[in-house]
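> Sharing a structure here in structure tokens format.
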Amino acid sequence: MENVTTMNEFLLLGLTGVQELQPFFFGIFLIIYLINLIGNGSILVMVVLEPQLHSPMYFFLGNLSCLDISYSSVTLPKLLVNLVCSRRAISFLGCITQLHFFHFLGSTEAILLAIMAFDRFVAICNPLRYTVIMNPQVCILLAAAAWLISFFYALMHSVMTAHLSFCGSQKLNHFFYDVKPLLELACSDTLLNQWLLSIVTGSISMGAFFLTLLSCFYVIGFLLFKNRSCRILHKALSTCASHFMVVCLFYGPVGFTYIRPASATSMIQDRIMAIMYSAVTPVLNPLIYTLRNKEVMMALKKIFGRKLFKDWQQHH
């Protein structure tokens, strides 16, 4: 008979057990986290302070930046601490808390990306009614719906995982506390947990992905057949390409991790995918959305001072 116990704490194995590599990983992830804070923080400040960015598109972009900062902050600070500390234990309550916020913020981002695609669809395909359809009340309602749906989705996973019985090893083969590696340590029946993880997570992520895909294809088709302006077509294609790149970087690793069959699961692959959607994608989002965006670059010049840019241009 299995020794069923109530776990008071878990032990993270982390990214690697090789001591010599840990300072290297610490430096890499510290740089990634700082770039994330600076990049997304700058966008958030610009959206709040610059009146010309007070539009639905930038309202959602500000939400995305806030999410990216919070999403990475759920996992990366703990990872950095674990890379420099010998003790990597966390209480069971701390484990469930991290799990909850990771899924809460991650699923909010998945839904928000679909909302952003819908916003671009309305702006390009129905520009005359854009301000009527995407009025401030609708924008707030859509954003609030994304946050609320995701909160209860994450709460479902947290409650169901908290009610599992754990036995044997306390060692978690991951660098943060997620549902899948925790289910491997459970000695009670996890069939319902696994089913919900695949079906519900799949419905949220793949549903949002296909809505985004549909919006992008409809926009491209609309412009090709209804619009003869090369300038407008180029601008719209650039916007769709940027958003589609972000979508693929986020949904691809999420789908690979949570939707594929349990028999095909590899913890090494899961860790690589988790690094992609929890650390790398939040860093790339500001670059993808703002590098070719003239409005954002102009707002950046206004906020951080024209003189700084003039001095930089003179020296280069």
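Heads up, the Cβ atoms here are built off N, Cα and C, so glycines get one too.
Taken from Swiss-Prot, the feature topological domain 'Extracellular' covers 1-23, 74-97, 159-195, 258-270. Annotation source Swiss-Prot lists N-linked glycosylation site at ASN3. Annotated transmembrane segment per Swiss-Prot: 24-44, 53-73, 98-118, 138-158, 196-215, 237-257, 271-291, in sequence order, evidence recorded as sequence analysis. According to Swiss-Prot, the topological domain 'Cytoplasmic' annotation covers 45-52, 119-137, 216-236, 292-316. Annotation comment: Swiss-Prot describes CYS95-CYS187 as disulfide bond, evidence class sequence analysis.
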> Counting only residues 6 or more past its boundaries, what in the same chain has a CB within less than 8 Å of a CB in the transmembrane segment (53-73)?
33, 36-37, 40-41, 43-44, 46-47, 101-102, 105-106, 108-109, 112-113, 115-116, 119-120, 123, 134, 139, 143, 278-279, 281-282, 285-286, 289, 295-296, 299
> What else in the chain is close to the topological domain 'Cytoplasmic' (45-52), if you only count residues 6 or more beyond its ends and a Cβ gap under 8 Å?
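For the topological domain 'Cytoplasmic' (45-52), the far contacts come to 58-59, 61-62, 65, 295-296, 298-300, 302-303.
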> Could you give the residue numbers and ranges of same-chain residues that sit at least 6 residues beyond the transmembrane segment (24-44) on either side and whose C-beta is under 8 angstroms from one of its C-beta atoms?
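Distant contacts of the transmembrane segment (24-44): 15-16, 61-62, 65-66, 68-69, 72, 76-77, 79-80, 83-84, 279-280, 282-283, 285-287, 289-290, 296, 300.
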> Under 8 Å between C-beta atoms and at least six residues away from its ends: which parts of the chain pack against the topological domain 'Extracellular' (74-97)?
6-15, 22-23, 25-26, 29-30, 32-33, 36, 105, 158, 161-162, 175-177, 182, 274, 278-279
> Hey, what's the Cβ neighbour count for CYS187 (disulfide bond) at 10 Å?
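The Cβ of CYS187 (disulfide bond) has 14 Cβ neighbours within 10 Å.
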> Given a Cβ distance threshold of under 8 angstroms, which distant residues of the chain, six or more beyond its ends, lie next to the transmembrane segment (237-257)?
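For the transmembrane segment (237-257), the nonlocal Cβ contacts are 106, 109-110, 113, 116-117, 120, 124, 180, 201-202, 205-206, 208-209, 212-213, 216, 219-220, 223, 269-270, 273-274, 276-277, 280-281, 284-285, 288-289, 292.
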> CYS95 (disulfide bond) has how many other Cβ neighbours within 10 Å of its own Cβ?
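CYS95 (disulfide bond): 23 neighbouring Cβ atoms within 10 Å.
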> Over the topological domain 'Cytoplasmic' (119-137), what does the predicted model average in pLDDT?
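Taking every residue of the topological domain 'Cytoplasmic' (119-137) together, the mean pLDDT is 89.
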> Looking only at residues six or more beyond either end of the topological domain 'Cytoplasmic' (119-137), which have a C-beta under 8 A from one in the stretch?
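The answer is 56-57, 60, 215, 218-219, 222-223, 236, 239-240, 243.
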> Can you see whether DSSP assigns CYS95 (disulfide bond) to helix, strand or coil?
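DSSP call for CYS95 (disulfide bond): helix.
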> According to DSSP, which kind of secondary structure is CYS187 (disulfide bond) found in, if we only use helix, strand and coil?
coil
